[in-house]
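Residues or ranges marked as Zn(2+) binding site in Swiss-Prot: Cys137, Cys140, Cys157, Cys160. Swiss-Prot lists Ser31 with the feature O-UMP-serine.
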Amino acid sequence: MSEKSIVQEARDIQLAMELINLGARLQMLESETQLSRGRLIRLYKELRGSPPPKGMLPFSTDWFMTWEQNIHASMFCNAWQFLLKTGLCSGVDAVIKAYRLYLEQCPQPPEGPLLALTRAWTLVRFVESGLLELSSCNCCGGNFITHAHQPVGSFACSLCQPPSRAVKRRKLSRDAADIIPQLLDEQIEQAV
């Protein structure tokens, strides 16, 4: 019978606490720590005051392809890949740091971030398994999440070519410098 390291267990508890505070689901905690399911549930209840949410994790790449989700996922993924390439961190530590950068850079609505930590972690797994990748936009040059093996030079991001429903959803700014270009864009669209 092998003895568990007290130091490793303390690290796992600290990691689990950090992940829970960032909104991780139980499946992510089980995958990234060596703590038992029972201990993770007790820790989750102690920190959040309620049991962890039940249900399956997202398993489709389609969520990351819709326009607004793609922008958020791409921001996170670019931060994650930068951290990996520079060697500043790796593994789940890179996911946590990239997610914190994403939260700092994207103003969050009251109902919470568009890209939850568990979904960001799922994105990393999709990228690592080759289902998704970052492709360069042929208009702006930015790197955005696409399905794997996107033909080079054929991708235009949803910032350069937003879907029509994205334009309808946009609200006019109160700042006069912003209103004039928005009104001109809408007049051109109506004329066409």
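Keep in mind that glycine also has a Cβ here, set from the backbone N, Cα and C atoms.
Feature map: annotations from Swiss-Prot on the structure.
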residue	record	Cβ contacts under 8 Å, 6 or more apart
Ser31	O-UMP-serine	none
Cys137	Zn(2+) binding site	Asn143, Phe144, Phe155, Ala156, Cys157, Leu159, Cys160
Cys140	Zn(2+) binding site	Cys157, Leu159, Cys160
If you tally other C-beta atoms within 10 angstroms for each of the binding-site residues Cys157, Cys160, the top scorer is Cys157
Taking the center of the Cβ atoms of Cys137, Cys140, Cys157, Cys160 at the recorded Zn(2+) site, which other residues in this chain have a Cβ no more than 8 Å from that point? Asn138, Cys139, Gly141, Gly142, Phe144, Phe155, Ala156, Ser158, Leu159, Gln161
